[in-house]
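K.L.:
Provided herewith is a single structure, encoded as structure tokens, for subsequent inquiry.
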Amino acid sequence: KLYWQGVQRWIICFIIGVLTGLTAGLIDFCVESVSRVKFLSIKKLVDQCEAGSCLWKPQIVWFCFNIVLVLVASLLTALVEPVAAGSGIPQIKCYLNGVIVPRVVRIKTLITKVVGVICAVGGGLAVGKEGPMIHSGSVIAAGVSQGRSTSLGIDFKIFRNFRSDTEKRDFVSAGAAAGVSAAFGAPVGGVLFSLEEGASFWNQSLVWRIFFSSMISTMTLNIVQGFIKGHPWDLSYAGLIDFGTFDAVNYKMGDLLIAICMGAFGGLLGALFNHINYKLTVFRMKYVQTNWQKVLEAVMVAAYTPCFAYLLIFFSNDCRDITENKQDNNSVLVKFFCQEGEYSSSAKLFFDTPEATVKHLFHNDPGTYQISTLCIFASGYFFLACWTYGISVPSGLFIPSLLVGAAWGRIVGILVSLVDGDWVELSFYSLVGASAMLGGIVRMTISLTVIIMEATSNVPLGLPVMISLIVAKWVGDQFNEGIYDLHIHLQGVPILGWEPLPMPTNISAKSVMSHPVTVFRMRESVDRIVRVLKEEPHNGFPVVEDYDLDNPVITDGCETFGTFRGLILRSQLVTMLQKKLFLENPGVNEIISRLKVAEFNEAYPRYIPIQKVSITPVEAQFTVDLAPFMNQSHYVVLESASYASIFRKFRSLGLRHMVVINFKNQVIGIVTRKDLARYMVTFKNGEINIREKTIIM
């Protein structure tokens, strides 16, 4: 049986990889198709407008395309599944950390995410599809690993042994890694992303399964893209984004010094981006609350985006000979205010998918863009992306960050060439700028370095990329946290970092625990169980002996709640009440002896609420023996244990609660994730200040 379970885990990871790759292929095909129809329609109108006096017509069509597509995305998100907004990475990061985020891995979320990101990217917003791909892969993993869909009411009667939080979380790690792999064509980067950003508990076998899932995802997308591009079985389309070839890029020691400076600049810009977006998010939480307000804001952003693009094209009349465009024959070249035989390189920044624009900024020939064009684009797109991230549509942050960074990185390269007197490798500076900008915003180092190395297929470039990412993180961390951590804290999620806060050594379990505690006795009345479950929202309850509800015992100045014997979960209590496992019922011992663990997990993850459990007045007087069902080896901690030791146990073991006992094994409190995550430590003038923050979830 254990061998077969191991085989099933590999099968599930294979299915996760295949489905994630197929989903990525579908998203990419739809975005490319929608974008091409929009761009060609606008180009046709521009070409028909010879004198330039009727250029308002293509602008109106541009407006209509963007607004309609974004309206669909925002309506879906606001009305169907609000948790699908944004990239989904903060929510998945919380989920992998051990926090149960409601509705984050449901099939409705997946459908909203896929359709929404197609419309958002196709609608021209400053967003990418890579972040939502990570969320989509996680949802696919959660559904496949359970062998059923509770939303659709379909149960395939398979994989029942994996219907638990721990098993599901492991597979979601594989799904997140498969999403990264499909987005960037980076299987190793996907594994490191799951390690760096999420998973609480890792072992070697889990790492291998996650890598296998990532590899399958990349291979599946390769095959799908080959057929879509008209080259069946051509496995040269590794991910949704193609950074192009950097084979000829060389650099010297002086370039590394410039890379350090660019990393510092990227860290400063990233900190500014995060600060502005933080303020915007706080404003949204206060004043943009109703669904129509969220939809209206998304439509406003959709209307402003083509306005910004049109103004850039108008004021930066950056015209180039159409014969100079040799990089990509699939580009839609629009002349706008240029002469016949010319195209607007300013317009080219917008008349392609964001991924293709990143590739152009990396590899287009020197002189393709004026410095003024790049300055206006980088600064304007910076604030546009800052405004866009957080509106009620599925949106990724990777591509906008890369676009802004590649633009100002190209400016740095042009300036260096002017000082040096000879053209330098603009691709090098564009890539370093993109890395620094992305690192300054999200503050990831290891996984991003590997992702970029795999996406560029150039190992030597790993050194300058790594330097820029590390410096960007160091500089950015002096001002604020990464964008995902900021959003997690704003949502009031009790997430635990990698290391405990530098709390004073006198902060012990007794200082942080919740007190008093609701406990159950070994044999408890049905009436009290039902009453407690209706009144208390908690998920776990200590089971004790020698406890009298009416006569509290005070030991060493602290109320105690009986001798600890085990812990029982809410879901177990509800299942016991449903199955009428009362001592007064005849044959109850035989029924208990035939019970299997799978029966308690049958309703996972949507257990029936206690309000729907039918208990007659006679049954309310019956008694339940909790001994056969409770966890008798649950983790406990002494009241004298330090905050740091408790934190490390929670973080490494993925715990949700831990019972606090005294030296007589008596229950005096309970520590939950909220108790550990509610503290914030700030340093000012050499002093440590501790304050509590609001935990909502």
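Cβ atoms here come from the backbone N, Cα and C positions, even for glycine.
All TrEMBL annotations are machine predictions without curation.
Relevant sequence annotations retrieved from TrEMBL are reproduced here:
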| type | residues | note |
| --- | --- | --- |
| TRANSMEM | 7-27 | transmembrane segment |
| TRANSMEM | 60-80 | transmembrane segment |
| TRANSMEM | 110-128 | transmembrane segment |
| TRANSMEM | 171-194 | transmembrane segment |
| TRANSMEM | 206-228 | transmembrane segment |
| TRANSMEM | 256-274 | transmembrane segment |
| TRANSMEM | 295-315 | transmembrane segment |
| TRANSMEM | 369-390 | transmembrane segment |
| TRANSMEM | 397-416 | transmembrane segment |
| TRANSMEM | 428-452 | transmembrane segment |
| DOMAIN | 513-583 | domain 'CBS' |
| DOMAIN | 630-688 | domain 'CBS' |
K.L.:
With pairs fewer than 6 apart in sequence excluded, do the transmembrane segment (428-452) and the transmembrane segment (256-274) have three or more C-beta pairs that lie under 8 Å?
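P.N.:
In this chain the transmembrane segment (256-274) contacts the transmembrane segment (428-452) - 3 or more Cβ pairs sit under 8 Å.
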K.L.:
Going along the chain, which residues at least six beyond the ends of the transmembrane segment (7-27) come within the CB cut-off of under 8 Å?
P.N.:
114, 117-118, 129, 132-133, 136-137, 140-141, 144-145, 159, 161-162, 171, 174-175, 178-179, 181-183, 209-210, 212-225, 228, 240
K.L.:
Residue list, the transmembrane segment (110-128) vs rest of chain: Cβ under 8 Å, 6 or more residues beyond ends.
P.N.:
23, 26-27, 30-31, 34-35, 38, 62, 65-70, 72-73, 76-77, 80-81, 84, 88, 135-136, 139-140, 143, 301-302, 305-306, 309, 350, 353-355, 381, 384-385, 388-389, 393-400, 403
K.L.:
Mean pLDDT over the domain 'CBS' (513-583): what is the value?
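P.N.:
Here the predicted model's pLDDT, averaged over the domain 'CBS' (513-583), is 90.
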K.L.:
May I have the DSSP-based helix, strand and coil counts for the residues of the domain 'CBS' (513-583)?
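P.N.:
Across the domain 'CBS' (513-583), the residues distribute as 19 helix, 25 strand, 27 coil.
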K.L.:
Taking helix as H, G and I and strand as E and B in DSSP, count the residues of the domain 'CBS' (630-688) in helix, strand and coil.
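P.N.:
DSSP composition of the domain 'CBS' (630-688): 16 helix, 25 strand, 18 coil.
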